[in-house]
Ligand SMILES: C[S@@+](CC[C@H](N)C(=O)[O-])C[C@H]1O[C@@H](n2cnc3c(N)ncnc32)[C@H](O)[C@@H]1O
């Protein structure tokens with residue numbers, strides 16, 4: 001309820017709720033599955049409730065609706081608990097809340113458990129929205145912009161994300177990290193596109209493993225591991241990461257420079273600065289200077305000083321696998337408002353780039369207005385910058401634009417992501 005009605009972030013609301021009760025690990029895992037699964041399939045679930053309830057959805061009390069939604073998720077998408085037990089638990093929960101609604105909950109859930117009908121669809125996109133459980137406007141957005149790859153995107157965003165770690169190559173090679181993890185009983189394999197990633201698919205808690213606690217590994221999505229190498233960090237260089245919390249890419253820049261570069265890592269939220277410092281400390285990196293700063297405000301003392309990563313605030317449509325609430329909290333209007341902010345940040349970011357230096361612009365969204373259109377606008381208005389072709393090899397998730405920008409489609413180990421590299425020309429180029 002907090003996530004859908006009060007705009008709380010799913011991961012934070014769930015962590016808070018789970019830490020306030022005493023549950024066994026298995027029960028915590030089930031609670032997590034129920035919350036994320038229900039958020040992921042909510043469009044379809046609500047359609048089913050709407051068709052099987054005599055009370056209009058808008059008139060169902062929030063708490064009762066919450067019980068119905070989670071129960072329908074279990075009835076239609078999980079097979080570990082028999083239907084009668086799901087219905088009886090829901091009725092009991094509803095009765096504890098308000099005895100007068102238990103009959104209603106019973107009737108709706110029994111009707112849904114018997115109901116295998118699907119609604120009539122007026123278009124292919126409506127069918128996709130129902131089957132993949134996305135708001136119709138979002139399916140139309142993907143279809144308009146990514147054409148024949150729409151279904152692949154929707155399916156990718158519904159996948160359970162793999163758990164990936166970046167190897168701190170200052171401390172250990174990927175091969176040695178893999179060998180050690182396998183020795184410790186983990187199922188671990190290398191990521192396909194990034195040369196720094198490891199996928200761990202089983203074997204217990206990595207957080208409790210020496211490799212993690214001693215700073216050999218960082219939790220990071222494989223797509224995010226592709227940004228820092230584009231800056232080609234070197235010893236003695238200066239790099240600004242303007243939107244850097246929690247520091248995933250800033251720490252990568254430091255590692256790639258052999259921790260011999262100056263990495264200025266800023267964010268607009270005070271509390272997040274601490275997270276950057278904690279991550280840098282765990283990885284034993286000394287070159288990171290984290291600070292509070294609004295990327296929209298120029299810092300003249302750093303003009304022309306080095307290279308810049310602008311991992312911009314964005315609509316986040318690429319990370320729906322990890323934050324399914326984005327399906328329900330974002331609106332087309334919100335997407336439309338973001339390019340203005342992102343362009344303002346790009347206009348400031350360019351000021352720090354030295355001749356021959358780079359501006360890497362990235363987002364974790366699938367929206368050309370926040371991605372390619374922004375970068376094309378920037379190039380048109382800044383003839384002293386040129387696009388540098390990004391080459392990450394062939395992989396079905398990667399789409400290269402004519403200019404060499406990269407869109408990563410979501411699936412498996414990769415969030416939906418966008419990467420571009422802009423270089424400030426030298427006078428000869
Ligand atoms: C996509 S996240 C960055 C992730 C980070 N680069 C990493 O790899 O760990 C975007 C960040 O931008 C920050 N942010 C949003 N608006 C900002 C602004 N005007 N100035 C600086 N940071 C901002 C947010 O707090 C958020 O931490």
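Even glycines carry a Cβ here, placed using N, Cα and C.
Nobody curates TrEMBL annotations by hand; they come from automatic prediction.
Summary of the site annotation: TrEMBL records S-adenosyl-L-methionine binding at 243, 244, 245, 246, 247, 248, 249, 294, 311. Screening the candidates 221, 267, 325 against this entry identifies 267 as the one listed for that site. Within 10 Å of the C-beta of residue 247 (S-adenosyl-L-methionine binding site) there are 27 other C-beta atoms, taking all protein chains into account. In this entry, 243, 244, 245, 246, 247, 248, 249, 267, 294, 311 make up the residues listed for S-adenosyl-L-methionine, with the farthest two CA atoms of the set 19 Å from each other. Annotated pair residue 249 (S-adenosyl-L-methionine binding site) and residue 364 (active site, nucleophile), C-alpha to C-alpha distance, rounded: 13 Å. A sphere of 10 angstroms centred on the C-beta of residue 364 (active site, nucleophile) encloses 25 other C-beta atoms. Residue 364 (active site, nucleophile) and residue 247 (S-adenosyl-L-methionine binding site) are 15 Å apart (CA-CA, integer value). Averaged over the domain 'SAM-dependent MTase RsmB/NOP-type' (153-425), the predicted model has a pLDDT of 97.
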